[in-house]
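Since the structure comes first, as structure tokens, the remarks are kept for the end.
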Amino acid sequence: MLLEVFLLLGTLLIYFFFSKKNEETLPFKDGWWGRGQKPETKEDSSVRPFKVETAEEELSDLFRRLDQARFTEPLENSCFHYGTNSVHLRKVVSYWKNQFNWKKQVEVLNKYPQFKTKIQGIDIHFVHVKPPRLPEGQAAKPLLMVHGWPGSFYEFYKIIPLLTDPASHGLGDEHIFEVICPSIPGYGFSEAPHKQDFNSVSAASVFYELMLRLGFNEFYTQGGDAGCVICTNLAQIAPSHVKGLHLNMVLVSKLGLSHLLSILLGRYFPGLFGFQDEDVRRMFPFLKKWLYKILSESGYAHIQATKPDTVGCGLNDSPVGLAAYILEKFSSWTDMEFQNLEDGGLERKFSLDDLLTNIMIYWVSGCIVSSMRFYKENLQKGIGTQKHEKLTVQVPTGIAAFPNEILHIPQAWAKKKYTNIVSFHFMPRGGHFAALEEPELLAKDILQFVDKVEKEQLWKKKGE
């Protein structure tokens, strides 16, 4: 008991002396990412309709490359431990050539209205879905949803109807959303930046401009992976405009002494550090569930944060190589145990049509290199060194913690960054690609979070 008291007093002293509430906002990044010099004339702010289209020549070239693919025989009984298993990859490529109907999937992509508009010199692609119906006297709530890597705007296609028409899916009609899903610049059908230093703050600034251009002065944001960072930055840039921030992934870039103490002792004294039983189950033993996992799963990030173009050139030239690179992430990031399966468990959570549609977005747009560069732009200055990493977030925040996310961040850690967490839930199942894998679970969590923010008018209490 004395040890617990000593540690508690020590932690309080450390927190008092080394932490302070910083309510400073993040500066808006007004850049120019187009080719050449910024013109003196005013930028065209028109919003233009867009549809996904693919020429027959592109498809013929794709099939030629698939036919000429070279496969490497996998090691015996290696499953997905060495990455995508080529035995299963052959099956995927066979389906891709003989059964996958890209033209049909293009119709699926085009079922939701899509647009492009030029912001800071580059074309920004986005999906914009309005509710099919609204109860009398009710207004739709704008919701910006941002994907990550190696995903795309297509990740949200299954959750969009649950949010824009929740009543038809048994989710009630108290909160109905108007959903905006942009492609991060350099991803999908958004133009890639032509200059260096386009990072998450740049993307947040562009998406802030996008929401204002669409007429939304107040709105909600939601994201995971890179979308988590971008939406967090947006909440730091414009806290008076972001009514609420919902995340299905949280990143902590600053670890202090209190974190270290919780790592060393949290398994034995969870209450002392604000850990719940589920936190302990997901985090410990720490070496296995955190450190080793980081080492085994972060190799790609190191490459993309240092020399993205080198690997990217090969992936942009080979559809099979591109598929292998992306599919491996959809396997291990959905459930690490899937590495023990020869097929990587890919079709346990996703259909091949969904997986190949996401890959085709990367292929037909030729965006894999520019998407990988986003890691270098965000990490080349070091972790924990940028201003947005040092600032807190006061916007009402909801966190959906999925059990198979790559790393688990407990609420006790998250609240040091997000100081106004009003909803934190341990989700019963699901992994990294939550919107695509468990759309109903994620939609329900977004709805309950927004309900709490609206009923308690929490966005009006920011900074109080």
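Backbone N, Cα and C define each Cβ position, glycine as well.
Taken from TrEMBL, the feature signal peptide applies to 1-19.
According to TrEMBL, the feature domain 'Epoxide hydrolase N-terminal' maps to 47-156.
Proximity of Asp225 (active site, nucleophile) to non-local residues of its own chain (separation of 6 or more, Cβ distance below 8 Å) is seen for His147, Gly148, Trp149, Gly151, Met249, His432, given in sequence order. Here TrEMBL flags Asp225 as active site, nucleophile.
Contacts of Tyr375 (active site, proton donor) defined by a Cβ separation under 8 A and a same-chain sequence distance of 6+ are given as Trp149, Ala301, Gln304, Ala305, Pro308, in order along the sequence. Among the features that TrEMBL reports, active site, proton donor is placed at Tyr375.
Residues or ranges marked as active site, proton acceptor by TrEMBL: His432.
The average pLDDT the prediction assigns to the domain 'Epoxide hydrolase N-terminal' (47-156) is 97.
Here the domain 'Epoxide hydrolase N-terminal' (47-156) has, by DSSP, the following mix of helix, strand and coil residues: 37 helix, 24 strand, 49 coil. Neighbour density for His432 (active site, proton acceptor): within 10 A of its CB lie 22 other CB atoms from the protein chains shown.
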